[in-house]
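Participant: Take a look at the following structure, please.
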Amino acid sequence: MSETTGPTEYEARAKKLDAVDELAAKRAEFVLDETVYLDGNSLGALSVAVPGRMADVVGRQWGELRIRSWTEGGWWTAPERIGDLIAPLVGAAPGQIVVGDSTSVNVFKALVAAVRMAEEGRDEIVVDAGTFPSDGYIAESAARMTGCTLRPVEPAEVPGALSGRTAAVLLNHVDYRTGRLHDLPGLTAAAHAAGALAVWDLCHSAGALPVGLDEHGVDLAVGCTYKYLNGGPGSPAYLYVRHDLQDRFDSPLPGWNSHAEPFGMRSAYEPASGAVRGRVGTPDILSMLALEAALEVWDGVTVEAVRAKSLALTDFFLECVDAYVPEGRVRSVTPEAHEERGSQVALRCDGAGEVMKRLIERGVVGDFRHPDVLRFGFTPLYVGFADAERAARVLAEVLDEVHARS
Ligand SMILES: Cc1ncc(COP(=O)(O)O)c(C=O)c1O
């Protein structure tokens, strides 16, 4: 702990920062308690709007209107309608995002479709070497199915690994383990310069920082909605296909929901135009409408304001950890540079599993990622500076205990 700055100074600073936080009032729009909840990068908190909406969806829309809700209640068009609610949060114009399926399934659709759109003769898929495992497994299968070779490459080295053989590049915008933010504009431009398509996984960035899909010419993107978008456990993911690529999007899962005339029940497949082409089967309406209600919390909020608070929170947390935790006990693997940081802080330490268990017992909820990473996710809509200070303080206490035992 620093000699000149005691813990109470950090508590006082947290109080001041919370008092001028323009997003502070948003916390009341979530169901929360005294717990310091730093796991919104895994499962976002429940929005106050959701239980009432679900009561209506189940009781009235399903219970009373039954089948009529598919048309009269707007169930059938929910995937595109909710896609358009997500669009401004990731910098996309309307009509390019469809909600449905899991991220894994959308990675499959996007990657196979990207290879099918690439020039003939291109037979390599480049994948982020540290990718979330599911993306890696799916990319391996997609490569096998399309006759491509899969090349795992560290994101920083991607430009040098691209060639006339590269069909598509699959990258994570923010690394799930370290919280490192990758250079979406630069890497997308590099993929394009090599004639390849860029597919981005936005799971750890959407709702936490500006993405700029349209601005940066991203080809395809996928993401989940249960982290910073607070859609709920297992809420449906989304797929972005850039406007001018939609007519060439050849889905490897051409289910009836993506048909030009789904109720024509024709044996021949004819794809719909627009974002609908990314659909597969019947949408999971209960989860989808919970997500729709959860997205109301974004009314009047800009992603820029969220990003500014996220950086201030993670800076402050790192500063508190530095002040409270004796040197050498933890090592941050999250980049210090703002342009390389997502909305989480990942700290490496010995006995990380045990440390996180004790933190959770004391009301500081983050998560543990094998083998030695403590992850703390900062959701600016409901996490405050006092939370960051308390988390660092309790972490120091827990590390003291665990250290004393060993
Ligand atoms: C970066 C990333 N990609 C993909 C996934 C897999 O998502 P799903 O379980 O929706 O398929 C996750 C899940 O946490 C993730 O963090």
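Any Cβ shown, glycine's included, is placed from N, Cα and C.
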Participant: Given TrEMBL annotates T103, S104, F132, P133, S134, D135, D201, H204, W256, T282 as pyridoxal 5'-phosphate-binding, which of Y226, Y324 belongs to that site as well?
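Facilitator: Site partner of T103, S104, F132, P133, S134, D135, D201, H204, W256, T282 for pyridoxal 5'-phosphate, according to TrEMBL: Y226.
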Participant: On the Cα atoms of T103, S104, F132, P133, S134, D135, D201, H204, Y226, W256, T282, which are listed as binding pyridoxal 5'-phosphate, what is the maximum pairwise distance in Å?
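Facilitator: Spelled out: the longest distance between any two Cα atoms in T103, S104, F132, P133, S134, D135, D201, H204, Y226, W256, T282 is 31 Å.
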Participant: These are the binding-site residues: T103, S134, T282. Which one scores highest on other Cβ atoms within 10 Å?
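Facilitator: The largest 10 Å Cβ neighbour count belongs to T103.
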Participant: Calculate the distance in Å between the alpha carbons (Cα) of S134 (pyridoxal 5'-phosphate binding site) and K227 (N6-(pyridoxal phosphate)lysine), and round it to a whole number.
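Facilitator: Counting only the Cα atoms, the answer is 16 Å.
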Participant: Quick check: in three-state DSSP terms, what is Y226 (pyridoxal 5'-phosphate binding site)?
Facilitator: coil
Participant: Between K227 (N6-(pyridoxal phosphate)lysine) and T282 (pyridoxal 5'-phosphate binding site), what C-alpha distance do you get in Å?
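Facilitator: So the Cα of T282 (pyridoxal 5'-phosphate binding site) lies 23 Å away from that of K227 (N6-(pyridoxal phosphate)lysine).
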Participant: Give me the count of other Cβ atoms within 10 A of the Cβ belonging to Y226 (pyridoxal 5'-phosphate binding site).
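Facilitator: Counting Cβ neighbours of Y226 (pyridoxal 5'-phosphate binding site) within 10 Å gives 23.
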